[in-house]
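Enquirer: I'd like to ask some things about the structure below.
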Amino acid sequence: MDHSTISYNSLLIIILLATFVPFIIKKMKWLPIPIVVGEVIAGMIIGKSGFNLIEETAWLNFLYTFGFAFLMFLSGLEIDFNLIKSTGKTSQEKWYKKPFTLASFLFMGTLFLAYSIAYILKQFHFIANIPLITLIFSTTSLGIVVPTLKEKNLLHGAYGQIILLAALIADFATMVLVTVYISLYTSAAGYKVFLVLLLFIAFFVFYKMGLKIAGKKIIEDLSHATSQIKVRGAFSLILIFIALAQSLGTEIILGTFLAGLIVSLLDEGDHSDLSVKLDAIGYGFFIPIFFIMVGANFDIRSVINNPKSIYLLPALLVAVYAVKIIPAFILKMKFSLKASLSAGFLLSSRLSLIIATSAIGLKLNIISKETNGTIILVAILTCTVSPLLFNKLSAASPSRKNNSVYMIGVKQKTLLLAKRLQHSGADISFITHNPEKYEKTRKQNYNVYLGDTLDIDFLQKTGIQDAKTVVIYKTTDDISTEICRICRDVLGIENLLLLTNNQENLLKENKYGATVISPEFATVFMAENLILHPKAFSLLFEEEENDFCMCEIHLKNPNYFDYPIRSLKLPGDCLILSILREGVKIIPHGNNILRSGDLIMLVGSKEHVKDAELLFENLQ
């Protein structure tokens, strides 16, 4: 190949934009927009809508297409099957109130409304194709929904899971339906639709093959350094499904999504090494090229100069919000009106899939350039405005404090526990329904809230959903069970402790993941550890002046990802006791490698442990 004939100027401009756009958006704190929106706008400035600096070439179009494929792959990789599995464990509610059922009803309502509105728009000659516009209206942006729920600490609760499931169903179903519809549209032969089933057969075949080789020692040995076999395998899978989709005459959108699902199933675990590496490759190179090229190819003049756009843009905006918000009121069966409305707004955010589907329609001349341009504007507006409206409508959520502990019930035990925890730097808050105990606790300079402990709105106003741990003092069985249910299913709190005087009849609380601590349990536990580990365990019960402490820290600092322990310089007298990785406990040795998301247990003086916490969590 004669490299002198290739111009790298266009790619250089795109990569420079991809590098500097995140910095610019980070500085624009007055307008918190997603980075991908900034990339589309940057593309518009340098493309056909602006300075027209980008020269379209075959290899640049390849990077654009592969960026789109990689985006769909990462959409499949984003799906956390553990969250979906957990929705079936959380309740004894009626079938129509369960998360998957509600999410399915919500999508069916969306599909019905989307078709109805698309039909009306066709009558007014705003659009030419009802089925594709119906599917475009039905999409949701997982890339917006997941980070927004994570920010609000709602992802693990029933409310967050329903929103997540609704987004997953919307994205997956529309991808399948788009693939089927395009197959029908581009081929008179109806049997070609059934070729789409071959993609699913390939999905199960490669998944079963992956199960046989995943976890083998040779795979782990080749997963690092220069071999990076898992990354190579992921790229092989992407290209296999792209080639298969192309051979079957279907769009690559579904094939690459299924490839991502396979990797997600085989490499379970939030922030696993492989997903971090693939995210870095995708969002570091291929995906920014796709979004900047979307903006570069978009000619805003064609929208502005088209008189129909004056009516089409507001019509599409009303449509994309209506098809999500109206069906979202079905959530009123389980949540408040405000929560249902805010869920509808969040699900109204569209980005990658709506742009991708519109691009397919434009390529096949199903939709016009003007309509495609208007859809891109709608995507930019919805993914900017919708998360802001969701945050405004949903309960105020203070920034998560890793040391925050909420105690429901003011008793001698909880007050004693609070006193000890304060010496470890914990941020203590009490919640009680008793005015006398409220005043008593307030006079001891504790942060305390007075109200109904079963009132979800009241609990959310206290900020309890952001607590690291909630301690519940057991009263009656029914009240304790309901508090546990609200904390786990509605507020998404994972670490629940139940203090009780009776070890019996606690199956209901255990069902919601509460760890039960009774006098019998505490006595036996202390005796056992004082017998087996007398010196080590007694350190925990010395006077408050003791400078010794233990701490659990999540590794979030990229500087220490894939970092050998032997090269680690910890502050002062700190020592690593253990590492918890994806549920597996690791006893640290010099040749162990730290990974992103590791839960590290440290021991040392309070000052030095605090320094280590700042170091590992990248808070300096």
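We count from 1, first residue shown onward.
Glycine is no exception: its Cβ is also placed from the backbone N, Cα and C atoms.
For 536-618, the entry in TrEMBL reads domain 'RCK C-terminal'. What TrEMBL lists as transmembrane segment is 6-25, 30-47, 59-79, 100-120, 126-146, 158-182, 188-207, 237-260, 280-298, 310-331, 343-362, 374-390.
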Enquirer: Is it true that the transmembrane segment (126-146) and the transmembrane segment (6-25) have 3 or more Cβ pairs under 8 Å, skipping pairs fewer than 6 apart in sequence?
Expert: no
Enquirer: Relative to the transmembrane segment (237-260), which of 59-79, 100-120, 310-331 accounts for the most Cβ pairs at distances under 8 Å?
Expert: 59-79
Enquirer: Tally Cβ pairs under 8 Å between the transmembrane segment (30-47) and each listed stretch (158-182, 280-298, 374-390), then give the stretch with the top tally.
Expert: 280-298
Enquirer: So, do the transmembrane segment (310-331) and the transmembrane segment (100-120) meet, by the test of 3 or more Cβ pairs under 8 Å (sequence gap 6 or more)?
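Expert: These two stretches do touch.
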Enquirer: At a Cβ cut-off of 8 Å, and with pairs 6 or more apart in sequence only, do we get at least 3 pairs between the transmembrane segment (158-182) and the transmembrane segment (100-120), yes or no?
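Expert: Counting Cβ pairs under 8 Å (6 or more apart in sequence), the transmembrane segment (158-182) reaches the transmembrane segment (100-120), since there are 3 or more.
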Enquirer: Can you name the far-off residues of the same chain, 6+ from the ends of the transmembrane segment (280-298), with a Cβ under 8 Å from a Cβ of it?
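Expert: For the transmembrane segment (280-298), the list is 11, 14-15, 17-18, 21, 36, 39-49, 54, 60, 63-64, 66-68, 70-71, 73-74, 231, 355, 359, 372-373, 376.
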Enquirer: Find the average pLDDT over the domain 'RCK C-terminal' (536-618) in the predicted model and report it.
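Expert: Result for the domain 'RCK C-terminal' (536-618): average pLDDT 74.
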Enquirer: Mind checking which residues of the chain, 6+ beyond the ends of the transmembrane segment (6-25), have their Cβ under 8 Å from one of its Cβ atoms?
Expert: 33, 35, 38-39, 42-43, 46, 53-55, 57, 59-60, 63, 285, 288-289, 292-293, 296
Enquirer: Sort out the residues at least 6 away from either end of the transmembrane segment (59-79), same chain, that have Cβ-Cβ distances under 8 Å to it, and list them.
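Expert: Distant contacts of the transmembrane segment (59-79): 6, 10-11, 142-143, 146, 168, 171, 175, 234, 238, 242, 252-253, 256-264, 275, 278-279, 281-283, 286-291, 293, 352-353, 356, 359.
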